[in-house]
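A.B. asks: Not my notes, these are from TrEMBL:
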type     : residues : note
TRANSMEM : 27-47    : transmembrane segment
TRANSMEM : 59-80    : transmembrane segment
TRANSMEM : 101-117  : transmembrane segment
TRANSMEM : 129-146  : transmembrane segment
TRANSMEM : 167-191  : transmembrane segment
TRANSMEM : 203-225  : transmembrane segment
TRANSMEM : 245-261  : transmembrane segment
TRANSMEM : 273-290  : transmembrane segment
Amino acid sequence: MSSLPDDDPIKRSSSEKYDRVGASLRWSQILAAASSIFFGFVLKIAVNPPSYFQLFDNLVLLTALYAVTTATAMFIMPVVHHMLHYHKFDVEKYLLATKRYTLIGIICVMLAMYLGLGLSLNSKVPSEIAYGLALLPFMIIFIRFYRHLPSNLVESTSTEDYDRVGAGMRWCQILAAASSIFFGFLLNITVSQPVYFQLLDNIVLLASLYAVAAATVMFIMPVIYHSNHYPRFDVAKFLLVTKEYVTIGIICVMLAMYLGLGLSLNSKVPTEVAYGAASLPFVTIFVWFLRNKSKITTNRTT
């Protein structure tokens, strides 16, 4: 006796309706929170490294910090993409862009985790054994990922409905969680700063703390706006106000991450090199942002 479609778990799950935009924003929510915690720990170690660290250990640590900075930025990018395109929204294009950013971010955070694990093992065993052992869990993940790659992709419609207010609130949920964690780590470094810090280091640290404090407040503001206006709610106005707050917050948190990365690099290399190298991932993001903004302007005028 053949089973009905409703009784078939494969058919039922593959045809089930769900909010794909909301689901992909939750990718960012999970990954941005996790990577920002990791960024905070690596930043704390980088500005106050153990006394036994050699040149190779410092290079590995800074590479890990650089990788997790890039990862955190990548996990924020889907919010930026959605914020730029929500007026005229193509779901398929958004999901493709989100997948690309998320994959880059996951690769970077995996690299940072591998280097961090190798660095920890290297304090107990020789380098070759340490970094060889650290590679094992990531090899298992890669093999499993390769074996479970989808072979039968079904193209779906790009006209599905989604909750724009809910998506706007998720922007804040993702970013407020990440920035508040980052604020906590910076605050901890500020009140127990390393002894080698000079005047410039202290100014940079306080500037980054100030920036991330402002960012956290900006990410909370849409909640306050919504709580004040929900009895008579204008969706378009809410999204416009939320976009303004989130844009200011993202600029502030990017500035704080840049200063934090530069501060860490400055403990190992000259100031000009440190802050120049720290700017690279953010310059790349800024160039991408300008290119996409010009495309949107061109599409609206044609």
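The backbone N, Cα and C atoms fix where each Cβ goes, and this holds for glycine too.
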A.B. asks: For the transmembrane segment (273-290) against the transmembrane segment (27-47), do we get 3 or more Cβ-Cβ pairs below 8 Å once near-sequence pairs (under 6 apart) are dropped?
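C.D. replies: Answer no, regions not in contact.
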A.B. asks: I'd like to know if the transmembrane segment (167-191) touches the transmembrane segment (101-117) in this structure, counting it as a touch only when three or more C-beta pairs sit under 8 Å and are separated by 6 or more positions.
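C.D. replies: Answer no: the transmembrane segment (101-117) and the transmembrane segment (167-191) share fewer than 3 Cβ pairs below 8 Å.
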A.B. asks: Is it true that the transmembrane segment (59-80) and the transmembrane segment (245-261) have 3 or more Cβ pairs under 8 Å, skipping pairs fewer than 6 apart in sequence?
C.D. replies: yes
A.B. asks: Are there residues at least 6 beyond the ends of the transmembrane segment (27-47) whose Cβ is under 8 Å from a Cβ of it, and what are they?
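C.D. replies: Counting only partners 6 or more residues beyond its ends, the transmembrane segment (27-47) has Cβ contacts under 8 Å with 61-62, 64-65, 68-69, 71-72, 75-76, 78-79, 98, 102, 105-106, 109, 112-113, 116, 170, 173-175, 177-179, 181-182, 184-186, 188-189, 193-194, 257, 260-261, 263-264, 267.
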A.B. asks: Can you work out which residues elsewhere in the same chain, 6+ from the ends of the transmembrane segment (245-261), have a Cβ less than 8 Å from its Cβ atoms?
C.D. replies: 39, 43, 65-66, 69, 72-73, 76, 79-80, 83, 171-172, 175, 178-179, 182, 186, 204-205, 207-209, 211-212, 214-219, 221-222, 225, 275, 278-279, 282, 285
